[in-house]
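**Student:** I am attaching a structure below and will ask some questions about it afterwards.
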Amino acid sequence: MAGHLKLVGVPLKVRRLHTAVCHYRGRTGAEHLWLTRHLKDPFVKAAKVESYRCRSAFKLLEMNEKHQILRPGLRVLDCGAAPGAWSQVAVQRVNATGADSSSPVGFVLGVDLLHIFPLAGATFLCPADVTDPRTFQKILELLPSRRADVILSDMAPNATGIRDLDHDKLISLCLTLVDMAVDILHPGGTLLCKTWAGSKSHLLQKRLTQEFQSTRVVKPEASRKESSEVYLLATQYRGGKGTRRP
């Protein structure tokens, strides 16, 4: 699968809010309710003020503040990176642009099925399916020394509306990342992935416990309270000494 390397910085503009307002008319009651909540969301407003591409940036900012996931000099693989908000945070925290001359310079690689607008300090591989073996090989080629210190994932499958099916798909995506870690994640590294609470959550947690020394469930304030979304933070990767899926 062909990917596109994006290195040039462009002004960061939040377009979603403007687009939503322009198309407010002609929506259903449920859509009006969602849009009203969206426009009142303090994290949406803060993202616009601080030039983050979407509100999810504040999830990573909070988790990083509490758990020190990112630091200057680290190599980061951001899976499900579009529209690029997590990559923005990662670029800042690992000093990927070299803005701080007194600190090590890190690296950020973002991968997504969707197009991502260029961001200074980040390399984007898109459109690309992280589960495709060809994408995997391209990731290895792009990562410095073919390794990442941190794997971030805010990925989610296209929703079917069938909760159990969507949950199963997301768990499968997360397990794919754990499988990839054997060849990508540096020993001692970190994996942070989004999941939805459900019947198979324990399978993912069990696998992470086998592969990492420490695993915890995190629910940042920016995650909506009514959402089943949680993040699994696994640290101190054992280096593939756990049990790989058949």
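Don't overthink the numbers, they just go from 1 along the chain as shown.
Cβ atoms are placed via backbone N, Cα and C, with glycine included.
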**Student:** For the S-adenosyl-L-methionine site that Swiss-Prot assigns to Pro83, Gly84, Ala85, Trp86, Asp112, Asp129, Val130, which of Asp100, Asp149, Asp154 is also named?
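**Tutor:** Site partner of Pro83, Gly84, Ala85, Trp86, Asp112, Asp129, Val130 for S-adenosyl-L-methionine, according to Swiss-Prot: Asp154.
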**Student:** Any idea what DSSP makes of Trp86 (S-adenosyl-L-methionine binding site), helix, strand or coil?
**Tutor:** helix
**Student:** Please find which two of Pro83, Gly84, Ala85, Trp86, Asp112, Asp129, Val130, Asp154 have the most distant C-alpha atoms, given that the record lists them as binding S-adenosyl-L-methionine, and give only that distance in angstrom, rounded to a whole number.
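**Tutor:** Of all Cα pairs among the recorded S-adenosyl-L-methionine binders, the widest measures 19 Å.
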**Student:** Let me check the 10 A CB neighbour count of Pro83 (S-adenosyl-L-methionine binding site). How many other CB atoms are there?
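**Tutor:** For Pro83 (S-adenosyl-L-methionine binding site), the count of other Cβ atoms within 10 Å is 22.
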**Student:** With the cut-off set at 10 Å between Cβ atoms, which of these binding-site residues ends up with the most neighbours? Options: Ala85, Val130.
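**Tutor:** Comparing the binding-site residues Ala85, Val130, the most crowded Cβ belongs to Ala85.
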**Student:** Counting other Cβ atoms within 10 Å, pick out the least crowded of the binding-site residues Asp112, Asp129, Asp154.
**Tutor:** Asp129
